[in-house]
Every structure is written in structure tokens, then in C-alpha cells.
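J.: Have a look at this one.
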Amino acid sequence: NLSSPTMFLLLGFSNAYRAQVTLCLCFSLVYLMTVLGNLLIVTLIWLDAHLHSPMYFFLGHLSFMDICYSSVTLPKILGDSFSLRKTISFAGCIMQIYFFLCFGGSECMLLAAMAYDRYLAICHPLHYSALMSKRRCHCLVAISWLSGSFSSLIQALLTAHLPFCKSNMIDHLFCEMPFLLKASCSPNAPLNKVALYALAGTIAMGSFLLTVVSYIHIIRAVLQKGAGMRRAFATCTSHLTVVSLFFGAGAVAYLVPHSSGSKEMDEVITLLYAIVTPMLNPVIYSLRNSEVKGAIRRAL
């Protein structure tokens, strides 16, 4: 017969294993929904001629960014779900930081470009086709990708050159810059931290302010011109929802001190902006957009 302490250990192991299986299944389902949902949006925009407009051109790139954004972290988290030693090489950690910041920063800039597109469509409808030409659309997307790539490259290089002579433990779901900086023993770590946050803040706050300014002009035009403009404003609700989720969760994750909350709360907030938001984007745009729903019906 098993003694009482042994029985307790066996049951604890069984419960831990079941929890790991449940967590892995949940993450797998989220990743599958993220990839398939965003891939559906990209495919519809590519195939359906009714969606060949600047707004859906930007939406297609946003969906592609969301696939890449979630693919940086979720596969590694899934692999770690059943591993007893959850490890990653230093080079792999820096690469994960680079791509995570790259796609995140690019998405910030693209959301600002989408707000600017809605501003031109609502506030300058007669000149919209000339102002938002195909060339300008490609330029705005290129600026989004390049700004995210350049910013993340500098941040990853600065982080890679910090000395790490303390513990090699990162108490987080994946490699993220604030948690890696905690492990550094460099006397210049606070200065590097300020530089890194300033660079990231320039991209995030700059794109957020551009989005806010665009919507101030949009709301002013809607209030001045009445009911006809309110129908046009309905095309902005999906974008506003995505912006609120993305910037809201990111602000809580990076602006609220990590010491003020528990480790579990940090992980929940991280999951919200790194994993859940990319999954919800195609749902938001398909459920609240009649043209996307029409494209789905035509495709079926």
C-alpha cells in the first residue's frame, strides 16, 4: 500500500499533468483560431474584387502581421507546456525579442495609417481617391514595416550587449525586454532601460497620438455634418475596437510597474495583448463589417 505522503505526490503530479494538457489545448486552439481567422481575412481580400480598396489593403497587412506576431511566442509556449526544463538559448531569446517588437511596432504604425485612411475617407471624401492612391498605400505600409524593424533592431542589439552575470532565470512566459533587463547586472542597465523604453515609446506613443488626432477630426466632422456622416463613421467602429484592445493592454503591460502586481496578473496581461488580441481582430472585423460578411457569403 502507498503511504499517505506518496499518494499526495502522485495526485499532485496527476493534477499538474492535467493542468498542462488543458493549458496546451487552450493555447493550441487560440493559435489555430488566430492563424485560420487572419488567413481567411487575407484570402478574402486577395480574391474578392469588392475588397480591393485602401481600407482592406491595410486590413490584409494587419491580419498578416497578427499571424506573424502570435507565431513569435505561441509555438514556443506550446513546446514548453510539456517540457520539464523550459529553456531557450540567449541568441534565440534575443531573436524572439526582435521579432516580437518588430511585429508589435509595425502593427502600431499600421493602426495609425488605418486611422489616417478613415480620416481622409470621411473628412475629404471628394479627394479621397487622389489622396489615398495605390502608391501612398504602399508607402504607408512600407513605413510601418521599416519603422518597426529599425526600432526593434536597435532595442535587440542594445539588450544583447548587456552583461548577464546574475541568475539566468526569466520569470515570464517568453523573452520580453523588461524581464530580460531585470536579469542584467550592468551598472548602465537603468540608462539602457531608459533608452530602450524611449525608443519603444516613440513608436507606440507616436502612432497612438496620430490615431487620436485622426479620430478627433473624424468625430468633429461627424458632429458637424449630421446623420449621413454617422453612417460613414460606422466603418470606424471595428478599427476603434482593435485600437482600444491593442494599445490598452500594451499600456497596462509596459506602463504599470511589474512589482505592483502578481506574476499571474503580469502573465494574464501579456496573454491579452500578445495572444488574445491577434485572435480577436478577424472576429471583430468580420462580425462588425457587412462587406467582409458579404465576401464570406460569396466565397462560400
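Backbone N, Cα and C atoms are what each Cβ position is placed from, and that goes for glycine too.
TrEMBL labels come from automatic prediction, so no person has curated them.
Pulled from TrEMBL, these are the listed features:
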- 37-285: domain 'G-protein coupled receptors family 1 profile' (DOMAIN)
- 28-47: transmembrane segment (TRANSMEM)
- 94-116: transmembrane segment (TRANSMEM)
- 137-158: transmembrane segment (TRANSMEM)
- 194-219: transmembrane segment (TRANSMEM)
- 231-256: transmembrane segment (TRANSMEM)
- 268-287: transmembrane segment (TRANSMEM)
J.: Can you tell me which of 94-116, 137-158, 194-219, 268-287 gets the most C-beta pairs within less than 8 Å of the transmembrane segment (28-47)?
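T.: Looking only at 94-116, 137-158, 194-219, 268-287, the most contacts with the transmembrane segment (28-47) come from 268-287.
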J.: Where, among 94-116, 194-219, 268-287, do we find the most CB pairs under 8 A to the transmembrane segment (137-158)?
T.: 94-116
J.: I'd like to know the mean pLDDT over the domain 'G-protein coupled receptors family 1 profile' (37-285).
T.: 81
